[in-house]
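For C51, C55, C58, the entry in TrEMBL reads [4Fe-4S] cluster binding site. The S-adenosyl-L-methionine binding site annotation in TrEMBL covers F57, E163. Look at TrEMBL and you will find 37-267 tagged as domain 'Radical SAM core'.
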Amino acid sequence: MNNRINFKDAVKLYERDLFELGELADEKRQELHGKKTYFNINRHINPTNVCADVCKFCAYSATRKNPNQYTMSHEEIMKIVDNIVAHDAKEVHIVSAHNPNVTLDWYLGVFKKIKEKYPALHVKALTAAEVDFLSRHHGLTYDEVLDLMIENGVDSMPGGGAEIFDEKVRDYICKGKVTSDQWFKIHRKWHERGKKSNVTMLFGHVESRENRIDHMMRIRELQDITGGFNAFIPLVYQTQNNYLNIDKPITANEILKTYAVARLVLDNVPNLKAYWVTSTVNLALVAQEFGANDLDGTIEKESINSAAGAASANGVDVKEFTGLIKNSGFTPVERDSVYNEIKVW
Ligand code: V47
């Protein structure tokens, strides 16, 4: 592509006035999606918080500041799934900590149970960090883990575990976890199997603007090759109950600039998700004018970010959510997990 934004110019975008930058990103957003804002009816399930890794930003892991360990049984998970299907959910998003005390079948067998009972329910599960953990812990190659995921009914992979790809920052915030190269290797292999995934970026902690741009550039590079990323999801760092000890939270101005810059730099990733869990619903609504065209979903329950202070423990009501999108001048469009449109609300 000829008029691609290079690293230096991307960093310079941050120096622009917020509203000027927003207009540029909005132009791109409108070109791609008009006034449509996508969301889905989904439920997050986090089946265990027992973790072998020690990420400094994490408040969810039970082995850190949270003494309340839990590991759900397949029956408990299925009960939740039965309930959400009865309430019209189209997607279940299953992400766990890295639990060394459970079997591989505990991780994978539940997907098979879900698929056998509800073939139409989309299973988005296992981050690249979990794939790497399962591969190390059970002596399997990435290929073997990914094939097992498909055999057991995983439809797509979430974008977690990306954090910040810069190796120095990564070493500081989550040493020992999946490396950046491994993260990309796993997603590349997944895309080569004809499958889709997302990609996140955890920002607003110790990283610099340059680190964020570097993160986006690495994503753009793989996307040029595979085209397998559906959405880019900047996750705003939540400050509570963890070991990073950031006393100055990121400003709304910098968050909105980051969405806008992402919309402009990631010219080959179709969707930019303002994940309301970490940005707040209010800022996610504003982000619609700064490049974001997706607000994730109703979620119902979420444990990872809410442990660190996000107000997401109980999700949002779909009527209220779509009403807010409409009142902010956009069209709420319910989508499935791979962005087929289901219903205009
Ligand atoms: O990878 C952990 C992040 C992620 C904190 O693919 C934190 O559709 C903020 O990946 N502050 C898991 N974030 C969530 C995730 C996700 C969420 C929504 C949609 C999708 C998708 C993926 O949560 C982890 C980590 O980066 N996280 N601690 C924290 N203190």
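Every residue, even glycine, has its Cβ placed from backbone N, Cα and C.
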Greatest C-beta neighbour count within 10 angstroms, which of the binding-site residues C51, C58: C58
Annotated binding-site residues C51, C55, F57, C58, E163, filtered by Cβ under 6 Å to ligand 1: F57, C58, E163
Count of other CB atoms lying within 10 Å of the CB belonging to E163 (S-adenosyl-L-methionine binding site): 26
